[in-house]
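Notes follow once the structure below has been shown.
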Amino acid sequence: MTAKRIGWGAVVLGFLAFFVAVPPLTVRSPIVVIVIAVAAMAAGSYAITAGEKRLGWGGIIAGMIGLVGGYAATQSGVANLERVVVWGALGAATLRYATPLIFGAVGGLFSERAGVINIGLEGMMLMGAFFGAWGADVTSSWLLGIVIAIAAGAVFGAIHALFAVSFRADQIVSGTALNLLAVGVTGYLFVEVYGDLGTPDDLPSVPNVSLPIDWLPLLGDIFGDLNLLVWLALAAVLMTWVFMFRTSWGLRLRSAGENPLAAETAGLNVVRTRYLAVMASGGLAAMGGAFLSIGFLHTFTQNMTAGRGFIALAALIFGRWRPGLALAATLLFGFGSALAQRLPVFSPSGAVLFQALPYVLTLIAVTGLIGRSIPPLALGRPLPRN
Amino acid sequence: MSAPPDSELPPNITVASRMATFFRGGGILAPLITILVAFLAGGLVVLATGHNPIETYQAIFKGSGFNWFFPWLSEDDRIIAALNLQQTLILTTPLILTGLAVAFAFRCGLFNIGGQGQYILGSIFAVWVGSSFDGMPALLHVLVAMLAGVLAGAVWAGIAGLLKALAGTNEVISTIMLNWIAIWTGVWIFNLGSPLQNDNPDQVDVPVSNDIVEGAKLPVFWGDPQLQGLHIGIFIALAALVVFWVLLNRTTLGYEVRAVGFNPDAAEASGINVRRNYVMVMAICGAFAGLGGALDLLGWQFRIATNDIQTHTLAFFGIAVALLGRNTAIGTLLGALLFAGLLTGTSVRNLDPTVFEPQLATNLTYMIQGLVVLLISTDVLVVYLLRRRRRK
């Protein structure tokens with residue numbers, strides 16, 4: 001057996017330690033959990049000594065999570081467990097929570113793969129949230145609401161590009177500025193247009209897609225009645241992957257982020273490429289915002305994105321600037337939120353700590369403990385004046 | 001794809017050296033024009049939405065209490081202006097400190113977006129120490145509580161410095177993550193049934209901390225303590241400005257910090273321990289921001305609720321303060337006064353609602369803040385100014 005296989009085995013065992021303790025298996029003996037978790041950590045350690053550091057550490061961490069989670073589950077009541085761990089509902093909630101993150105992360109991918117750091121995702125998402133709601137309200141159409149949201153996000157992206165690409169500004173400073181500006185602009189317009197009453201109750205909302213798969217166990221509960229934007233988010237990941245790694249446009253975009261001087265020499269218009277990439281980034285992030293306001297909550301409140309743009313950025317880094325891995329990261333973070341929402345059955349306050357999980361994981365990821373995240377080489381470097 | 005050598009990439013300029021163009025050029029003119037453009041743009045938005053921008057800015061100015069300095073003010077108006085000015089100066093205190101937390105990092109070529117988290121850690125520890133140990137001698141209690149806040153902030157920011165030094169982790173990413181970890185830790189720690197939730201039997205269902213005991217409160221020296229008068233924290237913040245200046249301009253550490261900020265490779269080559277500098281600088285930044293959180297708690301807030309932590313935006317103004325103040329001591333002071341005045345002048349308590357709705361005005365402040373940072377992010381304005389000067 002190769003070290004790689006053992007490493008993967010360690011990861012699987014780690015999650016298994018948690019999985020056996022919750023419904024439907026609901027093993028009540030803590031010894032089973034401990035044995036499986038320790039096996040996971042041992043396999044992980046072996047994988048590290050055999051040279052598979054990243055997987056090995058992943059296995060050890062999975063083992064620790066499984067140990068803590070699984071042990072906690074064996075110590076709590078079966079009735080409580082069955083109320084919390086409803087896989088179908090958890091799966092659907094995971095996708096719901098992940099959707100704005102997916103749009104944000106995919107949006108960030110466009111910008112950062114082209115070499116422009118996008119700290120402003122949060123602001124672009126917030127713009128999408130407000131203009132999605134406002135557009136849907138004014139035009140009485142959720143579809144036009146989304147279109148207006150995308151336009152607003154793209155405009156913000158264009159501002160970011162103007163400063164970051166044309167003016168060669170510091171990209172982190174200008175992104176931070178956009179976040180601050182978005183809070184001000186959306187807050188001002190919201191108070192000006194809607195006052196104390198808030199957005200109207202009859203705000204058009206993006207419909208759910210009902211699939212005739214009720215009879216399927218589990219899958220029916222998860223995928224049977226999802227919002228259209230959830231499906232669009234998943235489609236966006238696939239299309240981004242195809243675009244980025246299977247088309248020549250994607251290759252050009254990536255070359256602008258990896259080696260812009262060489263790309264320029266080869267005849268690529270790096271400035272224009274970066275402009276388009278950052279504007280696409282804004283439009284995608286704005287769709288995530290629009291999901292929050294007219295897909296999920298059916299209202300707009302001031303600063304409603306509440307850091308989701310930053311979690312999306314975290315997912316992008318955690319997912320090493322790759323669409324598939326970034327999707328996995330957003331699902332992991334979304335699962336954390338879905339679980340946190342149900343955990344108050346046990347401890348009302350402890351569940352709050354779960355919200356910090358994405359940030360802790362990303363912090364670990366960027367330190368390189370589980371394999372370093374290597375950003376696009378020219379990330380944050382504007383073209384010099386010629 | 002094989003990695004091209006670094007020489008084939010566009011130059012990787014540090015924030016500090018890129019900003020240096022901005023800070024060298026244009027003298028005091030560039031920040032002044034930046035403010036002017038931001039206020040003009042804000043005024044246009046006010047005008048476009050059917051309000052009178054001149055009256056609005058006048059009302060905000062009046063609400064900030066800066067008219068207290070006008071000698072021709074009547075006795076009655078002066079009393080109100082004094083109350084308003086006290087509020088402005090109360091906010092100036094944390095803005096100076098969170099501004100310094102950003103400015104000091106910039107001088108070392110680091111971007112500390114983590115002021116918020118460091119401020120929150122400072123306030124958590126200050127409220128913990130300040131609300132426990134009832135009966136400790138008053139002066140000692142205040143000092144210990146402040147020190148706790150300072151150390152907490154320093155350690156929190158030090159994590160980012162350490163990660164940068166040991167693993168090369170980008171401090172922007174790590175401080176953003178640390179911000180959110182701090183927020184959720186704060187929300188948890190004062191939540192129902194959590195370690196630092198208040199033990200007042202009447203407030204079992206309120207997610208708020210214990211109150212700071214009398215002995216740990218900072219004395220009020222101007223105005224009525226019952227009406228949130230001005231506490232002595234402003235002098236501590238002013239002292240921090242002096243410390244910042246001395247540290248940067250009159251110590252070996254400061255020399256090294258500036259050298260690293262300008263060109264880390266050259267600094268390394270000349271024998272400066274760049275990694276140690278990163279850790280030290282971040283810790284000092286965190287100490288400034290943590291002190292800001294501690295002073296706010298011990299000076300006028302006296303308790304902290306989970307809601308305060310989640311809606312907290314003050315520390316983000318530190319970025320605008322530092323950038324506008326060109327990362328200098330005197331500039332940070334002026335920047336802090338400007339934004340404290342704006343925040344106070346647009347608050348529900350101070351702005352005349354018949355002239356302009358305070359809720360709108362608060363968002364106007366955010367917009368102006370965003371525009372200021374956006375305009376400073378580029379050196380276009382300065383390059384333009386320099387060219388004009390050369391032409392003359």
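A Cβ is built for glycine as well, from the same backbone N, Cα and C atoms used for every other residue.
As annotated by TrEMBL, transmembrane segment applies to B:28-48 (among others).
Feature annotation from TrEMBL assigns transmembrane segment to B:88-107 (among others). With a threshold of 8 Å between CB atoms, the same-chain residues lying at least 6 positions outside the transmembrane segment (B:88-107) that come near it are 15-16, 19, 64-66, 115, 118-119, 157, 171, 228, 230-231, 233-234, 236-238, 240-241, 244, 247-248, 257-258, 261, 281-282, 284-286, 288-289, 291-293, 295-296, 299-300, 314-315, 317-319, 321-323, 325, 327-328, 332-333, 335-337, 339-341, 343-345.
Tertiary proximity for the transmembrane segment (B:138-160) is limited to same-chain residues at least six positions away from its ends with a CB under 8 Å from its CB atoms, namely 101, 112, 114, 117-119, 121-126, 128-130, 169, 171, 174-175, 178, 182, 212-218, 236, 279, 282-291, 293-295, 297-298. Per TrEMBL, the feature transmembrane segment maps to B:138-160 (among others).
TrEMBL lists B:172-190 (among others) with the feature transmembrane segment. For the transmembrane segment (B:172-190), the residues of the chain that approach it from at least six positions outside its boundaries are 111-114, 116-118, 120-121, 124, 156-157, 159-160, 163-164, 196-197, 207-209, 304-306, 309-310, 312, judged by C-beta separation under 8 angstroms.
Here the transmembrane segment (B:229-248) has Cβ contacts under 8 Å with residues 86, 89-90, 92-94, 96-97, 100, 103-104, 107, 146, 217-223, 254, 257-258, 284, 288, 291-292, 295-296, 298-300, 328-330, 332-333 of the same chain, all six or more residues outside its ends. Taken from TrEMBL, the feature transmembrane segment covers B:229-248 (among others).
The transmembrane segment annotation in TrEMBL covers B:278-302 (among others).
Summarising the annotation, TrEMBL assigns transmembrane segment to B:314-344 (among others).
The feature transmembrane segment is assigned by TrEMBL to B:364-386 (among others).
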